[in-house]
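A.B. asks: The structure follows.
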Amino acid sequence: MAKEKFDRSLPHVNVGTIGHVDHGKTTLTAALTRVCSEVFGSAIVEFDKIDSAPEEKARGITINTAHVEYNSTIRHYAHVDCPGHADYVKNMITGAAQMDGAILVCSAADGPMPQTREHILLSRQVGVPYIVVFLNKADLVDDAELLELVEMEVRDLLSTYDFPGDDTPIIIGSARMALEGKDDNEMGTTAVKKLVETLDSYIPEPVRAIDQPFLMPIEDVFSISGRGTVVTGRIERGIVRVQDPLEIVGLRDTTTTTCTGVEMFRKLLDEGRAGENCGVLLRGTKRDDVERGQVLVKPGSVKPHTKFTAEVYVLSKEEGGRHTPFFKGYRPQFYFRTTDVTGNCELPEGVEMVMPGDNIQMTVTLIKTIAMEDGLRFAIREGGRTVGAGVVAKIIE
């Protein structure tokens, strides 16, 4: 049993295990909960419970994910582990479980494998900011030179995808040993403790939504006689205060305006904060100057764009997606925040078609601008039906 109640005062950080099948991601996840329960008093979660993760639906896509939590001395960690490779792809692209940092599990006995590479690439594409490496199954490797070789390979692979390979912390150990409470050559519990300490020191505390620059996707626009124009929506991040200058970005040319009031539940407030549904009263903005799909932002914080590269997951037939592949020149709607915009898809060189259930990098050109940043999630739709999910990897123009 857990020794203490959930402590809200500790900063909260989201992490997850990534890496090739059978390299020990789930064993390490279970070992983390065990070691942290002994050292820091959080609850133990058994391997079998993590391995039989329940199905979840994120944007209509079926994903199996296990969520566990554990504490270090200074933080509370929420940790995701996926049983299958396809679940990782979907999870990372939809942002169902966003990670502030990832633990790359690589078997010291096998070295980097195809999914090791693919998960590092996915992490780069979807904007996972930090990776820490756990070289697992080190108890099965007698040769110190072999360990060094695998470590070098992993560092090279990280550098290939623009992670700081030379400076990435690599912990060598055995998750199975730690799970069994053993610690020969400090490869068991000591290594896992060291991993937790590394998470504490290497992954910076994420900037809370409320401390980021203000952004609210506009869902609806009203005109109130004698008061002016009100836009409503859920504030995604930051704070808006009365008299704040604001910009309206996307779909048309960017315009500037001023907040003259914030309303929630028909009450007037001095400010609106991240996570709240509210109406923002705008000075000098006409009802027809603004529409659903635009965003209200702190001036200069977000720019409108039309062309970007994306990492996309195409729904399978079973998930209600397309039954047939699509080809180059495919023109679906891209649903950003609150609206659909038509766009053209350019496939990578040598790729002729994309099958349902695939994940693919593509370059998209929209017919209208959208307020966009790297890491922004979107859905791909055909006539209102979701057929894919994606994330902006890199803005081009």
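Placement of Cβ uses the backbone N, Cα and C atoms for every residue, glycine included.
So Swiss-Prot lists these for the protein:
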DOMAIN    10-207  domain 'tr-type G'
REGION    19-26  region 'G1'
BINDING   19-26, 81-85, 136-139  GTP binding site
BINDING   Thr26  Mg(2+) binding site
REGION    60-64  region 'G2'
REGION    81-84  region 'G3'
REGION    136-139  region 'G4'
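Show me how these features fit into the shown structure, please.
C.D. replies: Mean pLDDT of the predicted structure over the region 'G1' (19-26): 95.
The Cβ neighbour count for Asp22 (GTP binding site), using a 10 Å radius over every protein chain in view, is 13.
The Cβ neighbour count for Thr26 (Mg(2+) binding site), using a 10 Å radius over every protein chain in view, is 21.
Counted with DSSP, the region 'G4' (136-139) comes out as 2 helix, 1 strand, 1 coil.
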A.B. asks: Considering only the recorded stretches 19-26, 60-64, 81-84, state which has the highest number of Cβ pairs under 8 Å to the region 'G4' (136-139).
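C.D. replies: By Cβ pairs under 8 Å, 19-26 leads among 19-26, 60-64, 81-84.
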A.B. asks: Using DSSP, break the region 'G1' (19-26) down into helix, strand and coil residues and give each count.
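C.D. replies: Tallying H, G and I as helix, E and B as strand, the rest coil: 2 helix, 0 strand, 6 coil.
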A.B. asks: What does the DSSP secondary structure composition of the region 'G3' (81-84) look like, as residue counts for helix, strand and coil?
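C.D. replies: The region 'G3' (81-84) comes out at 0 helix, 1 strand, 3 coil.
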A.B. asks: State the count of C-beta atoms found within 10 angstroms of the C-beta of Gly19 (GTP binding site), not counting that atom itself.
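C.D. replies: Result for Gly19 (GTP binding site): 26 neighbouring Cβ atoms inside 10 Å.
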